[in-house]
């Protein structure tokens, strides 16, 4: 894999143990070739540009105008995408859009952008005009439908009154029609989704000269009614009887109100008129479209009866406050029928107009949607290019741009070739200069990964990005992470299930990678190769535990333990299996893994607990020691002899003298047949009573109280020596390093300050002076940072914290690895409970239905609890063991990640962020 990737990338080697070598380069580009050069560098994806104008505001930079223009184009693109989503018009997402569909004659990127600016502006105006017409038609349509509903509902209210008084009722327009969320309606002779109000004046829906909305017409008719009641200049004098009759005549207002506001509306009316009003209401079945907001809601037709002009004015103001849509409603039933027929005919015409307007709008959006992804790609690419050019220093007199970029050393030749090709394509008068320069800044960290190693590199970088050329923990993590996971999750059957999931994700990675997945599914897909490794190691540890869904396996021969020959039930039930235990047949140990005969025996838990606990300590001490030796590699690479002598060596001695010795005792006890040594007692008395291994004087007649704790000759003297080494290691870690750092600082105080730049000049004369001046600010800043004041007290405190952290961490980290034992035991016992108590309990019943239900419950518990919850728990614990117990022994994680200047993923990111431009 390494050789293949290296050949694909054009490199001789691909290093993962340490980050790639980086070089700070300077590129001097003629102005006429700048755009093409940065376009080529973005396609190459090998350069991380350094912002040489970090102190300048974005709006004061050279190419701020071009960026604002690109942002305006992006605004239009997002507007198009938003309207396309509202209209449910699909937008095809394509990466690397070139915008070639604009014109076959477009020859340059700037010309393409100019044409796109013109085309998008025309399309935006056309689309906005179409949407305005559509909204105006929809408002009119909603008003007409509400008008029909008011005519029907209010007409029924008046019919009831006439029926009570014996008057002739009006015709029924629609019977028991319900408005169940139907679009349109006028074209089918029935009302639909949106509805309108009415007033008591005569109203012609086709009257010429009425260009306003029906709500405005209702308002106008109400005003006319008020004017008629107060006019009298040219009219004949009415009799006193007529005036009295008019004063007591009831008026009414009809309209449509949100159903949720009806109760509050009625209460306010009652208080405002002091009860001098009468409200009739009729709820509308289904949802209707409000003409003002265009949203579907529940509404109610209301008719408010009142007496007097002052009451009318109050009611009108309350209606306006509650957003009541008021409509004219004639009292004459003949006029009502005429208005209803006219509104129905008008709805038919409006529906056909709406259909044509919708088709026109969708056609515009479909044409835009076919090209929108390409346009997004072109605009985002142009914006990225000008952002990159704004990071350069511009020399107006020489008409060049100066850029600094971090480049991996394996790609410098490729970058140089790309710059030459871009300069030639632009027909520049002078060539592009490319040269490496020295720098005191820490380079960015770059690892070349493939789809297998990338997931483990991501696990490490979630803790922190490695410093430049620091040892990469991901190399060992590829093996240790899935192995520690499998120690806690080990089961052959569960490993097979996880393997099937991983294989499905891997076999469908192209299809799934091209689609937008659920967030949780996406995390599993991204970690598919980690899941593959974890499943393989789980199968391996399951074979070591000899368990498949908690059922013991006899795949590696018969058990080496037999029933006690003295047991009278040895040939039948072997009752001693659950009391005194089994005995070895003298044929050695089981061929591979744990002897399956332990399963279900009386000594199963004591045996497995002892074995897994000791195994956890051995694994923990081994991994922590590996982390300390990783720090040695860092010290050797940086030639840090102080850290090597006064950190690495005492750390190894301290950890080895205590927990390395404990690991040695575990191995010796395992290799000593019949050993009953109490290792807890040995380690405790190593500190409380140095040299007293066998509890001398505590036994009978003053003899040793625990002679079984002596595992080898000279153990007492060896323990005293280790204890001395451990105590000496602590001050060695604490004192010498700050002292020697202080001496080193004092010796260097009289040294010569290095204030010159660390790179060679490209040329002599004026050009060299220009290049030297361009880097003066960077060089001075680096020199100041390097010569910071040495604070001895701060160094001492830092070293003390580091020493205390390691000493206490050696104890706590070792204990932390006992989680391997705890989770392994919990997983095995949960699996056993589900199998024995759920499934096998159902099988024992002999009932087919019970067996089916028992299997379903067992399968659900296995998938939900063991495969999902337990696997997540084991994953998080393995993650903690690597981050805290392993990586903190050597990993600084203080670097910055290499982020190349690239155009890749710009369109996908635009559409993906908050659902991208589609929201």
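Cβ from N, Cα, C; glycine included.
Given the structure is predicted, the values throughout are model-derived calculations rather than measurements.
The range from 801-823, 824-846, 847-869 that TrEMBL describes as transmembrane segment is residues 847-869. Looking up the ranges 615-636, 681-702, 747-768 in TrEMBL, the one annotated as transmembrane segment turns out to be 615-636. Tertiary neighbourhood of the transmembrane segment (615-636): same-chain residues 470-471, 473, 476, 480, 484, 487, 643-644, 647-648, 651-652, 655-656, 659-660, 662-663, 666-667, 810, 813-814, 816-821, 881, 885-891, selected by CB-CB distance under 8 Å and a gap of 6+ residues from either end. Counting residues of the compositional bias 'Basic and acidic residues' (115-124) by DSSP class, helix then strand then coil, yields 10 helix, 0 strand, 0 coil.
Looking at 483-506, 527-545, 648-668, 717-735, the range that has the most CB pairs within less than 8 A of the transmembrane segment (847-869) turns out to be 483-506. The list of residues near the transmembrane segment (527-545) in space but at least 6 beyond its ends in sequence, with Cβ under 8 angstroms from a Cβ of it, reads 451-452, 455-456, 459, 478, 481-483, 485-487, 489-496, 498-499, 501-503, 505-506, 509, 553, 555, 592-594, 828, 871, 875.
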